[in-house]
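To start, the structure itself, in structure tokens.
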Amino acid sequence: MNYSTNSHTDDVSVLIPQGQRPGGHEDAGQPPLLLHYWQLLKRRKWLLAGIVAAAIAAGLVLTLLTSPLYTATARIEISRQSANVTNVEGLESTEAGADLEFYQTQYALLRARSLAERVARDLRLVNDAGFFASHGEEIDIAQGSGSLGDSGIGASALEERQVRAVELLLENISISPIRGSSLVDISYTSRSPALSARVANSWSQQFISSAMDRRFASTAEARDFLEGRLGELRQKLEESERNLVTYATNKDIVTLSTSEGANGRTLAERTLVAQDLEGLNNALTEAIADRVAAESRRNAARTSISDGSLANTTIAELRQRLAGLQAEYSRLMVQFEPEYPRAQALQQQIATLEASIASEEARVRSNVDNNFQEALRREQDLRSRVLALKGDLQVQDRDRIQYNIFLREVDTNRQLYDSLLQRFKEIGVAGIAANNIAVVDSAKPPEIPSSPKLLINLLLATLVGFVAGGGLLLVLDQVDEGIRDPQSVERLLGVPLLGSIPEIGEGDELELLEDRKSMLSEAYFTVRTNLSFSTPHGVPKSMMVTSTREKEGKSTSSIALATVLARSAGRTILVDADMRSPSIAAAFDLPNEFGLSNLLSGEANYDAAIQQLGDSNLYCLGTGPMPPSAAELLSDERFGQLLAHLKTQFDYVVVDAPPLLGLSDAPLIARHVEGAVFVVEAERIPVRGARAAIQRIAASDARILGAVLTKFDAEGEGYGYGYGYGYGYGQDDS
């Protein structure tokens, strides 16, 4: 191991192995958190048990002394929509997204102070002494005195009782919505089962009544508002209708038919002018068709007459007769001359038929021309009338713009008036709608009290006891600066651990040290073994054993180390340098009239001062008479010369030094020995005190060989088998 050789008196790291400094790396080597708390629990188990027992006892006493309370519960259903027996809608919003807000509002109304006041009036609780008594309050109704005041039965006393009754109702009512449903439990708690049931039932009934009252109140306000608006809209509608009729009369706008648009507005589809124009347009179309047909017939007739193909029955018959006469005349001309009488008769007939045909064709031509002219005149007349009506319609279309404005105003006012009138009628019967709140289960007087519950209270008391005890244990653990286990020595003090000495209770340590198989001997032999690794040459030839305070096991450790060294290593002398509180000579039952103080005062009789313990290798140098100033003797150079002389005469020198805090003796001794063994008692010495003691050793340029943890309860700290086995291995069970 590498050791620092710095001599800074203000650094606790002087001559302490690097990486093992006080206060450094305090988390290194720390036991697991669960193990730490388990050890804490084992150390403080009786304290925790006492706190838990006290909590259980307190819970039991409080439960037995507490008056029983009875809780009655009524269950109601609050529906989002009320049953509508009039088939008209109410005034409330029906949006699905408002469900949460609706139910939260209902729960708040169930807890409202106004509802409690209604219940108090309904049950006449102001003058009910039993109601106040059921809540632990005494009141004299006749005098209006008691816990509520000493005034008489005046208005102030009644008002005071009314306020107190409402407060008691609100303090003891409980509203519990049932998750996933529209059901709500109304529970009331008091010392009287009957009163609890009465209040719970009255609470549900008054809640239903208050909901109905709010509904009627809201419809009454709406009716008053709508009635005023209806009068205003009626006047607007009448005025807009008068404006429409007057304008239509002035502009000669006669509407023959109307229709309703997609937005519900009235549309004037046909007026008289439009209908006349439509009729004339149809007649003009027919006249044009007739004129075209007549013209076609005239042209066809002219063509047919010219080529003889006129399709006329009379002309066709005449031409047929003419063709027959001409054929007969042609046959006669083959045999006879034109002067033949028969031939002349045929010529006359042919001439007559030709004249008839010409006359008939002229008549047909005249008829076709007349028909064409008539059709043309009719077309021209209709066309002029259509043009005139188109002009009238264009003028009327411009006038209809304003007419439609008046018409839309009439429609708007009529729609508003009709909708408000319908709403006014609906509101008039809206209050007839069935209530949306119904009682599902009425409250019954409970047979068993709801509180106190002994088992639950005891469980809670136990829990409180464990929590309080655990909290106290944690507080004690935080304020406890004692070093509790071997790992804490190296972690908190920064010095090597030489060994841990088990707590042996009251007894003779010397007898235990004589038994080499005892746990105490084994523990100190472990310390001796670890000391052999503290220097390159093995166990230090001279060492000092000190501690922070007295009664930490310092002197016992000095005796034990000297005994173990004398038994296993060679001649060893134990020097009792604690001249303020000597204990070595008394431990071995040796005389202490001549010793260290004599030698340091100049007397050189070593044989008289040093005493051998039997025939062993262990020698003892007592303190001798108590000097006026031990520090002055130890600071003299004679002490260094004495230790140098003892080193030549003995293999090992063990010095039992005084405690460090408050005394200057130990630092003076530490300068003359090879190293110091620091003894610290488990769970007693604060870490700050131990660090301050180590600081004083380091300030004297002394080497700290390590620390020995004394009075360590291995089993109590949860180390159990491992530590017990190491110290007790090979012991006889007896």
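Any Cβ shown, glycine's included, is placed from N, Cα and C.
What TrEMBL says about a protein is an automatic prediction, not a curated fact.
When TrEMBL is compared with the stretches 223-250, 531-558, the one noted as coiled coil is 223-250. Taken together, the residues of the coiled coil (277-363) have an average pLDDT of 74. When DSSP labels each residue, the domain 'Tyrosine-protein kinase G-rich' (407-475) comes out as 46 helix, 6 strand, 17 coil, counted as helix, strand and coil in that order. With a cut-off of 8 Å between Cβ atoms, the residues of this chain six or more beyond the coiled coil (223-250) that come close are 402-403, 406-407, 409-410, 413-414, 416-417, 420-421, 423-424, 427-428.
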